[in-house]
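Note sheet for the following structure.
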Protein chains: 2
Amino acid sequence: MSQARAATGTFFLVVGPSGAGKDTLIDGARRALASASYVFARRVITRPAGAPGEDHEAETPEGFAAREAAGEFLITWQAHGLHYGLPAELLSALACGRHVVANGSRATVDELGKRVPGLVVVEISAPPEVLAQRIAGRGREDHAQILARLQRQVDPIPPGILRQRVSNDSDAAAGIERFLSVLRDPVAVCVAHEAPADTGEEAVAFAPSAQWPAGTRLRLRSASGRLVDVRVHGWEAQASTQDRTWQEPWLALSPALMRKLDMQPGATVQALRIQPAGSRHFFTRKLRGDALKSHEYQAILQDAVDGRYNDTELTAWLVETTRSLDATETLALAEARSRIARRIVWDEPMVVDKHSLGGVPGSRITPIVVPIVAAYGLAMPKASSGAITSAAGTADTMALLAEVELSPEAVQRCVKQARACIAWNGRLNHSVIDDVMNRITRPYGLETAAWSVASILSKKVTAGVTHLVIDVPYGPYAKQDSLQQAQALCALFEQVGAGLGIQVRALATDGSRPIGRGIGPALEVRDIRQVLACDPDAPQDLREKALLFAGHILAFDPGVGDAEAGRRLATELLDSGAARRAMERIIEVQGPPRRLAQPSALSMTVEAQQDGVVGEIDGWAIAGLARDAGAPEFPEAGVDLLCRPGQPVRAGQALYRLHLGSARHKELVSARMRAGASLTVPVIA
Amino acid sequence: MSQARAATGTFFLVVGPSGAGKDTLIDGARRALASASYVFARRVITRPAGAPGEDHEAETPEGFAAREAAGEFLITWQAHGLHYGLPAELLSALACGRHVVANGSRATVDELGKRVPGLVVVEISAPPEVLAQRIAGRGREDHAQILARLQRQVDPIPPGILRQRVSNDSDAAAGIERFLSVLRDPVAVCVAHEAPADTGEEAVAFAPSAQWPAGTRLRLRSASGRLVDVRVHGWEAQASTQDRTWQEPWLALSPALMRKLDMQPGATVQALRIQPAGSRHFFTRKLRGDALKSHEYQAILQDAVDGRYNDTELTAWLVETTRSLDATETLALAEARSRIARRIVWDEPMVVDKHSLGGVPGSRITPIVVPIVAAYGLAMPKASSGAITSAAGTADTMALLAEVELSPEAVQRCVKQARACIAWNGRLNHSVIDDVMNRITRPYGLETAAWSVASILSKKVTAGVTHLVIDVPYGPYAKQDSLQQAQALCALFEQVGAGLGIQVRALATDGSRPIGRGIGPALEVRDIRQVLACDPDAPQDLREKALLFAGHILAFDPGVGDAEAGRRLATELLDSGAARRAMERIIEVQGPPRRLAQPSALSMTVEAQQDGVVGEIDGWAIAGLARDAGAPEFPEAGVDLLCRPGQPVRAGQALYRLHLGSARHKELVSARMRAGASLTVPVIA
């Protein structure tokens, strides 16, 4: 099992914005680590020697090109009109087990990862006000230039790369100390043995205690670039192996962890010690009840994503934070979140969007609102979710009309060619922070309205949205119980949106009853087609709600006037067929759907047992029936509502029809009916 | 390593108050477990057959005595004038691997634990209102009798016994189901092998996955009665052992865990699966922001103590709870805590006490207040802490005058013979709940004032205290920043105290400066002796503060009048020598101290560097100096303050004297002085 390996050094690629102090930290580290173990790369730059800044090797553009052609560089890049190169000899230093420290560029990370065996990207950062002060101190740029520089979004580090963050937010000595603690922890390349262990939900790696003390937290990276954070438990190989001697460094991983890392026993795995959380001071202040600022939230969230807090700590922090978020702190949190992700830049004066808190069965207005807005000409790159707890998400329904798994490039193309798209958000703006948050808050059912406001709005900021309408339904089965509660949340959305520079209009809407007729992808497609075709039989409540929201979006255009004028304009665009044609264009540009579906022919009709009036319909129960029928996995399944609350009905009259995904679903639904589910649409005598 | 063991059944001893529904649950379980694996014990009782209640074997008192003498009983006890016995044959059933279920008495637990190999005490409980209703339903007792019965405190289960709790708070079917889930989890007697593991702070046991799924939580009990809760990680013995086959059931424990359990590899350990928390519904409601009632808090706290919540869950709950405790919930929490512990019953009309939130160096008034109160004749069994973060606790100081490690019986004797005592509280009212709480809140520095109110007052309730004065110091170095904050806390103490049936007088006191002169055990003893001896050189602030608190305590006696009258009376008792004589009597009854100490002769005097006025003294810094000098480990060490804030001094005049525990302490203090600690008592020119 054991295998001979040459000692391998770690390549520390140092990146960070201007003013973060990369040169200062690298100089400081060079002095402190003046040993044979560390090599500080001298860069070749097409800039005259003697210029201020780092000590580089000057080269002419021609000389640089010649050396590049001769293979003298490990990697090269361009910035500010200059060529930069790192010498190829650094590879030999790594092979001898020496560690390399190089001032580099984010743009080279992906390529470097393939060329050096143990890459660690070290991101140097500082709060915006510190950056601004340091840049201003150089006296080379004016205030406007500095602001523009700070607002520039940086390339994110590609996934699957080991990274360390160093906050250089106080004096040079403190920054150098933090930087050194990162450099002193190179990557350990370990043979991964199989531990005959089952550690359940817990990510544990077993290692000799002499190698790492028990409790050490490590980020593991397999050859295929999978990353998993683990906690170390000490284990003595001699005592636990039968006939083999494991050579250090080794780790023993459970079969489940091997699968997570997509690796086999005997392969090597890179292990990087997770640094202590630099934001602990802010973390503690929050737990003591203090309000935090945006950069403090950002530091905590980045440490959380970097695995520097354990679940217990994160839980404590989240309980306190979700409880104490007022408007000011919600804005601070949203700003922090929007800074962590990369912002999409649109070449558009306005980018509009619509968001619904959901929970109202059938309320599928997005595929009507988007083509109306597109027909008017505003850019509306809509990213929608699939079903989480409901019977269908907008993405599930749209997937029957067009391709919805769009890349960021495809989204840009759609907006250019059709002014809009309706894409699945799964590939677009996934949030690691939300993953961490949901894992912790869901089991406890924490109240997270303000957290959601920050999450939703920060994602809109990074999506480049400038104008946004939000649907906040209220009612006994909606997420907000009362109009008052919904209005308070609307006010929070608008206030935080304004702070983030987005114009937000949030509307509290009646969520007490289903909207439209169909609940389930194929049935919803039928309703949407009817509305777009101006079919007189189309569900009028769906049409009206779509026109209301489209009107508010159109009213963002100062030329349109108020929301009522917007509504009139939206009605014209719908009734003239312009919206229908815009939808056809959107579908054409997104591409054909992967799957077509009609409402299932295997159906079951539920009739009134007595004369009377239709009572209140339990939204959760009706969505539950649609799921039992097979939606959304079976897009042809769902519930077709044939009555409305308050409508008089006679005994034997059809109340709703269930379209069933399969015979198995028919059985399940029949069992539910026997258990009383037929009363989901009650008839009051 | 492996050893042959006979199969061993578990002895489930069912206990619980009247009205908890023991008979109903046992009957229900008997019907459900009608198999050869379970034996339901039929008790022998000196009560005629055919009486209502359980099916027992009737016996005459003479017959019972004869059978007892003949060794026919496994165990016997008396209650309500009747003799009860469990037949000795139950032992053979256990030896055959059958499990025994017996309705029993708490009084037998200790003895039974020695006689049966795998004892589990099953405590059936129900909220007081349910108990009252059920007892009333029997119609055998009137309301007053029922109340008296419910207030009766039960014997606690001795430590080192495996126990399960079953809440029978809803209908019989639900109660029986919970009871059955406990009975279906008998004790597993496992061979404990040594795992070559180091799991750091985490208590992990390795076991074959087929035996327990990974993640199972177990309470382990070693032969010496040590209990440790662990989490199971799966491990396959075949893969990890060299030349031995481990026979199931086995557990592999790290050396650290073996030490905690005080056991050797190869010995057997009892393992009992920890049941899911029955209070989870209340737990979740609290996290959603609801207020909880007393019995809901009680259920959560008991589950926490039983290891049914993990640290992450407890952290989430504590963050939310400490944040949301208003007066009503603080009372509910205090009631819950006071019900979990056993209440001490005094044959006294009034039992008075004094509590200080501490933090003011030198404020050692307890050893003056207690003898004044004792001289007047009120019962004052004072339990005091040792130093936690300060240079001395009352117990550290009192330990130089008398024995302070008193058993509960010794405390009772002291009160009888001397009206009072000053004991170390470590052996008296240790709280497992506080252990759990402190482990979690300390690292996060959670604000826990209301939690402390509940903790302090509930301990007073269980100590049998009826009247209590509380010292709440405020000031820049005290726990409360301002008078206003201190007064709010005083109001909370008084309000919650009233709810618990204790008369509480809480006083906000000036904590901005040290009280008395000495800081450190021996120096404080000197001050106390001076005050008790009415030495004109005694520190007057210490004397005055002691008289104030003694006065408030004496004023609890309606015959004394108001606090001012109490103060006058206290002054008389001090000046007449009555208090000094009372102290001599207390010391005589508590017994001689284990150690004597005079202020250390190895000393260092710090002088004013300039003419001026003494400024504000940093209480934390001066206490820190006293600790650096060696206090409280070296009781002869400490700081002797030779000036007061506001006092004019001349250059060269002594400000304070350090008494040093050893040469090592002298070095440490000298280093501190060079680092600027000499300015702890500032002189403003």
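Glycine too: its Cβ is placed from the backbone N, Cα and C atoms.
TrEMBL entries are annotated by machine, without manual review.
Annotation source TrEMBL lists ATP binding site at A:GLY16, A:PRO17, A:SER18, A:GLY19, A:ALA20, A:GLY21, A:LYS22, A:ASP23. Taken from TrEMBL, the feature domain 'Pyrimidine nucleoside phosphorylase C-terminal' covers A:613-680.
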**Item:** 8 Å Cβ shell about A:GLY16, A:PRO17, A:SER18, A:GLY19, A:ALA20, A:GLY21, A:LYS22, A:ASP23 centroid, ATP site members excluded
**Value:** A:ILE124, A:ALA126, A:LEU131, A:ARG134, A:ASN168
**Least surrounded among the binding-site residues, given as A:GLY16, A:PRO17, A:GLY19, A:GLY21, when other CB atoms within 10 Å are counted** = A:PRO17
**Asked** Which ones in the same chain are close to A:ALA20 (ATP binding site), with CB under 8 Å and 6+ residues apart in sequence?
**Response** A:ILE124, A:SER125, A:ALA126, A:LEU131, A:ASN168
**Prompt:** Given the binding-site residues A:SER18, A:LYS22, A:ASP23, which one is most crowded in terms of C-beta atoms within 10 angstroms?
**Reply:** A:LYS22
**Item:** DSSP-derived helix, strand and coil totals, residue by residue, for the domain 'Pyrimidine nucleoside phosphorylase C-terminal' (A:613-680)
**Value:** 26 helix, 14 strand, 28 coil
**Asked** Do you know the mean pLDDT across the domain 'Pyrimidine nucleoside phosphorylase C-terminal' (A:613-680)?
**Response** 91
